[in-house]
């Protein structure tokens, strides 16, 4: 058949195939396309040095948002869902895994995969590497390079099933069969990627003390919101992420209690504040409904990946819950919503229409047009959320952190009062919240950060990535040159976008010394970064060749 590749956007071209005659509606066609996937942005080829084990090469695909078009020809939009099967032949000594409901290893290093549930293109994922697995629950196992498998098993044994059971109680049956986790090489750009049956996660989650296991609750929540009910366009990414943040915090409340969940949500709100301060509240990406323009200079769907769809989206879902005014009624609505739209791709109009249909008494009251809180304003006006959920139950954990940050920000340090506060029992997000407050108050008076570093090695020498990120930000904001090496070490150890970009922004917005540190670190680490992250860093550093 005649085939033609035509320009579409800066992120891919369109494949036009001329059929001998126009097909009838409902007619089934089989197209066989012979293609090769090489160096496209969706297919990542890692050298042995870029892996944790440093012994063998590694390959993985990353489809979100529109990168799988460089992996295989597809309708690369979340509005189209399909089942798939794949046969993958790999070299001796390698294993292939995919986001599939069934897989089997055949002879000759051949693996056969089948996904029996319809999914959008961005959720198809493949990994080939020197990887092994270990069971951590009745329907879960962890996958990792051999050097990481023991740490992964220890960190996640038993916890995934607990989260899945709570998720099913709240949102309905888990339809994907297995829930496996694959610990990726350090250069993986995301915290997690919710590929069905096989979530990809950063090795940064292996903190050694289970202090970051609740991050996996977010990816588990995507099993209902995102994977089962999907945004039809990337312009309404909040339908995936805002609902998932809400679901994550519902599970967290059931498992860890309301005070802890409110504290974690407060750290999320701080990230949204930082993001909006950095971009300007009225930036067009700070709307929940973003206009995606596929022209050469339009908004790239990948650019919608920022704090707004997550945290502002969470605020909108929380506002809907607030309108209902009863948690168990809103939980029942979420189950009905998942059941109504499962395996479909939908728009915000579908979601909000169903909400008003489910609660006719609210529709009658005209809750969609309350002045200042209009649904239209939520979707189409950039800026800070009109409604913020009440996080006061977290005060019992936040207050001591706030007070301690105040003490450290004071001109004359009250050492006695500082030493009277025992932080040894504080959980990760209480420490994160404390560091967020210190960062907000930075730069601190001369010498204070140096003393803080000495007093709390639990923070300044932490292996926990969330603490390391904030400590590095504090070091840079306070020009603590003695600890610049920690910034460098952290950026050498991982390539997660959420950790990497804020540090380069902080370095580039700082002194000559931090700018030099940024250039030096980037030139050393660029080859181990994902191509998207490389391009974002180049943009920050004003380097040519950035897309």
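Placed from the backbone N, Cα and C atoms, the Cβ positions cover glycine too.
The peptide binding site annotation in TrEMBL covers 62, 63, 64, 189, 190, 191, 192, 193, 194, 496, 497, 498. Neighbours of residue 190 (peptide binding site), defined as other CB atoms within 10 A of its CB across all chains, total 21.
What TrEMBL records for 218, 222, 241 is Zn(2+) binding site. In this structure, residue 222 (Zn(2+) binding site) belongs to neither helix nor strand by DSSP; it is coil. Long-range Cβ contacts of residue 222 (Zn(2+) binding site) within its own chain (separation 6+, distance under 8 Å): 194, 240, 244.
Taken from TrEMBL, the feature active site, proton acceptor applies to 219. Sequence-distant contacts of residue 219 (active site, proton acceptor), defined as residues of its own chain at least six apart whose C-beta falls under 8 angstroms from its C-beta, comprise 192, 193, 194, 199, 201.
On its own chain, residue 310 (active site, proton donor) has 238, 241, 242, 245, 268, 272 as residues at least 6 apart in sequence with a Cβ closer than 8 Å to its own Cβ. Per TrEMBL, active site, proton donor is recorded for 310.
If you average pLDDT over the domain 'Peptidase M1 leukotriene A4 hydrolase/aminopeptidase C-terminal' (396-541) in this model, you get 96. What TrEMBL records for 396-541 is domain 'Peptidase M1 leukotriene A4 hydrolase/aminopeptidase C-terminal'.
Here the domain 'Peptidase M1 leukotriene A4 hydrolase/aminopeptidase C-terminal' (396-541) is broken down by DSSP into helix, strand and coil counts: 111 helix, 0 strand, 35 coil. Within the set of binding-site residues 62, 64, 190, 497, the entry lying nearest in space to residue 218 (Zn(2+) binding site) is 190 (CA atoms).
Shown in sequence order, 189, 190, 305, 530, 532, 533, 536 are the residues of the chain, 6+ apart in sequence, with a C-beta less than 8 angstroms from the C-beta of residue 497 (peptide binding site). The Zn(2+) site is defined by 218, 222, 241, and by the 8 Å test on Cβ atoms against their centroid, the other residues of the chain that qualify are 192, 194, 219, 221, 225, 226, 240, 244, 245, 247, 248, 310.
Following the DSSP three-state reduction, the secondary structure of residue 190 (peptide binding site) is coil.
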